[in-house]
Each structure stands twice: as C-alpha cells, then as structure tokens.
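Straight from TrEMBL, the features:
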| type | residues | note |
| --- | --- | --- |
| DOMAIN | 66-159 | domain 'Stress-response A/B barrel' |
| DOMAIN | 181-276 | domain 'Stress-response A/B barrel' |
Amino acid sequence: MVVLPLSHPMPQALTFRSFPLYSAISSNVYGRHGNGITGRKQFTVFSCANGNGQRERNLFRRREVVEHICLLKANKGLSDDKEKDMLDYLYTSQYQMRGIVAISLGQISAQADEDYTHAVFMRFQSKEILAKFYENPLYLQLMKEHVLPYCHGQINVDYESEVEDDVLHIFRKGEEYNYGVEFVLLIAFVEAAIGGPVNDALISLQELTIEHPSLILQCTQGSNFNSNSSEEYTHGVVIRFRSLDALEIFLSSSRYKDVWESKLQPIARKTLAIHFSVDPVGTEIM
C-alpha cells in the first residue's frame, strides 16, 4: 500500500518556509555516579531566532514512553449502539486499569486497506507495564465481552519512543489535546534496510514534523516489539495533528512527498496509513 498525499493546495499563509527550522540531538542524562536516570533524556533543539538565522539553544528533557496501537475490523452491520458501547468501554478502561497514561480512539476515516474500521491508541510508562496490561483480567474481560464479539480481526503494534518531559505532553492533556486528528502509519521495512537507512528515513520524518508546530502537536515513532505483529509491520508512527486541515496540508506538502518518495517508500515493502478524529468518547466508567 502506498501513502498517497492529499491533493488539497497549501494556503499561502501556511507555507512551510514560514516556520522556524529545527534540528535535534539527543543524549543520555547521567547521574553523579554515571548511572542512567531511567526514562529521562536531554534533548537539544536549535531554532531560528530571527531573520538573520541566529540560533538559540533550547534544552528540553525527554521522557521515554511506550505506545500501543490496536486496529480493529468491526463486523458488517454493527449497530450504532453497539459500536458506541464498544468505544465507551475501551475509552473508560483508563479509569479502571492502572498504567494507561493517555488514550485516543475512533472510527477510521475513509476506507482503509485490509478493512480496518476502528483504531485505539494508548500510552504506557514502560514495556513492563504494557505487559501487565495485556494480562490484566479486566482487560481480558473487556475484550472478550465488549470488543471481540463485534469484530472479526485485529492487530496490535507496540513501540518505545520519547516525548517532551512535560505533564501536558506526556499525558496528552489540556485544550489542545481534546480535539484533533490521529494519524497512524505502520511500516514494514525490507530487512536489508534495517539500521542505517531506516534510522535516516525516520529521522527525516521526525525532523519534518518538528518543523511544523502550527500543524502538529506531537509525533512518536519506533520499532515494533510486539511478537505477534513484528513480522507484518516492523515500525509504527503516530502523529497528532491539530485538525483535519492540518493533516491535509502536511500530507499534500512537497516536503512530505519528498521525504516519502526519497526516504521511506524505497525501503518499505508494506505500509498502512489511517487516521481518525479525536473526540471525547466516554466520561463515565462502564
């Protein structure tokens, strides 16, 4: 499957050249005795401070997180009430099970390849917490009684990544995160490209997202460590856009098309791209 850029033209006021440019270098933070501080890294961001290109040095701390993506294939003819109940149970699971740092979910917009209809994104603090989540009796009961009866297929992709060490960005809280569009890209890279070429491609994509804070709230990406799906998709990417317009502007830009056609597509044997609108789903524990 090929990710096709959307055809919407870019408004003149939002051309990419008007945004400040960033480059990033990350390094481990060490304690007084040389021991790594678990889950925290330093992240140096260089941004254009003025029209003369003078650069300011801004230091951000980074927090390691684990991202969980679940794509579902709902049964044909699923009623609106049953669909709402399924999504409500999934969304309010964060109030019943410890370890879920952030969650978003929804019906996939437009027809997706492989007939996936719904997507769930969850964030955890570590791989160990995610492993406990998979074994949690409440989660197993939720899936057995309120999800699997209404679906005929699913795939889970899990990867480690980093976000800015700020409460709002870690937990995806605040007005900015209440609405928007979640873009999920799953990629199966050819084995020969794992390593240098893949790292270079993903860094190029990450840098491009950093350049556009007016369009993008957050981007994470990483290598899929889920043993049940790692052969089908080797890597996952999740980008939270501020709006559907922001998504369309980004995907239709020449910069994105260049990164896709020159960096990602040549070394990908399979891709799956979906997006869904982010809206509050459930507010009461089911």
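Residue 1 is the first one shown; counting continues down the chain.
Each Cβ is built from the backbone N, Cα and C atoms, and glycine gets one as well.
TrEMBL labels come from automatic prediction, so no person has curated them.
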Counts of helix, strand and coil residues, the domain 'Stress-response A/B barrel' (181-276), according to DSSP: 40 helix, 34 strand, 22 coil
Mean of the pLDDT scores, which run from 0 to 100, over the domain 'Stress-response A/B barrel' (181-276): 97
Within the domain 'Stress-response A/B barrel' (66-159), residues counted as helix, strand or coil by DSSP: 42 helix, 31 strand, 21 coil
